[in-house]
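Feature annotation from TrEMBL assigns domain 'G-protein coupled receptors family 1 profile' to 85-323. As annotated by TrEMBL, region 'Disordered' applies to 30-49. The annotation transmembrane segment is assigned in TrEMBL to 71-96, 103-131, 137-160, 181-205, 225-251, 272-291, 303-325.
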Amino acid sequence: MILSLAAAAAMSSGSSSSLNSSSPLDPFDSSTSWSLGEDPSNSSSEPVVRTLTPELQPGTTAVAVQEVSPWDIALCVTGTLISCENALVIAVLFYTPTLRAPMFILIGSLAVADLLAGLGLILNFVFTYLVDSSVEFVTLLSVGLLISAFSASVLNILAITVDRYLSLYNALTYHTERTVTFTYVMVIFIWVSCLTLGLLPALGWNCLKDDSTCSICRPVTKNNAVALAVTFLLVFALMMQLYLQICKIAFRHAQQIAVQHQFVAISTTKGVSTLSAILCAFGACWLPFAMYSIVADSTYPVIYTYATVLPATCCSVINPIIYAFRNPDIQKSLWMACCGCVPSNLSLRPRTSSDV
């Protein structure tokens, strides 16, 4: 700016009368408009002096650059993987007309829930770093979507467990229209309940105006977080009870078959091992977060929250592997879609809900 003023003084040295009659040039006058230009008095071959004028100077308000957390990157990557896996499951179920049994309805509902959970993790990253997260609507939308999606995921896993139990307990009457109706009622109840839970923060059950009542997941209140965690523990206990009953029924059937055919049903032991692995994986993913939500609040270090949230989200990564990709009918559809053939070693026996 000093160079510009010197150039202006040099240009006006030949016309002192004009200079005396005009008002002094105030570089701090807000009415003065400057532009990026060359010094007109410099007619030699020397390098042209360019000046950055006030017109193009950056604003006086400094914009803080938020540092990206590696934990948020990990959650975003996990959400992307979840979305891709479950979108594939939904596409297979949608474009395969033969996959319309109650078991596949529940698998599809679980895939939709996990897909929304993955998209919620991605949107949470976008809202945190690319959108003004101070806007209440953005925060409530992100949290509401995550609560609804993950709640639906857990309840759909419970519904699949109930379906497996009923397929063994009522084996003779399972394949009826009443079972299909009951399955649709379960799915509708799950989604209505979970959407209601997701709307609670937007309806006023939040801690945006009182940070002292916040849980480890703002803006969910501490009381609501404890209620959700206790509900999950009850769901987990019910799943354990149902899987225990499934194992008892499976062993009883295996003993009856062994007496009739004089052999031990090895597949039953394998099925029980699979059920145990499924239950242990589910508990390992969600129990740390549920227990931490009960004992902790917003004053605890955020790294502990990330360390418990990340395993919980990984449950939605393994759900398609456990409940969809292990199914021979879905495997057949995938092979047909990818290469137009079915491997000879792929079992084409009709899959039932009691299979694990």
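The first residue you see is number 1, and the count goes up from there.
Heads up, the Cβ atoms here are built off N, Cα and C, so glycines get one too.
Counting only same-chain residues 6+ beyond the ends of the transmembrane segment (225-251), those with a CB under 8 A from a CB of the stretch are 147, 151, 154-155, 157-158, 161-162, 164-165, 168-169, 197, 215-217, 268, 271-272, 275, 279, 282-283, 286-287, 289-291, 293-294, 354. Residues 103, 106-107, 109-110, 112-114, 116-117, 119-121, 123-124, 127, 131, 183, 186-187, 190-191, 193-195, 197-202, 206, 208, 217-220, 228, 232, 235, 238-239, 282, 286, 312, 315-316, 319, 323 of the same chain lie 6+ residues outside the transmembrane segment (137-160) yet bring a C-beta within less than 8 angstroms of a C-beta in it. Counting Cβ pairs under 8 Å that are 6 or more residues apart, the transmembrane segment (303-325) and the transmembrane segment (71-96) reach 3 or more and are in contact.
Tertiary neighbourhood of the transmembrane segment (71-96): same-chain residues 104, 107-108, 111-112, 114-115, 117-122, 124-125, 128-129, 303, 306, 309-310, 313-314, 316-317, 319-321, 324-325, 329-330, 333-334, 337, selected by CB-CB distance under 8 Å and a gap of 6+ residues from either end.
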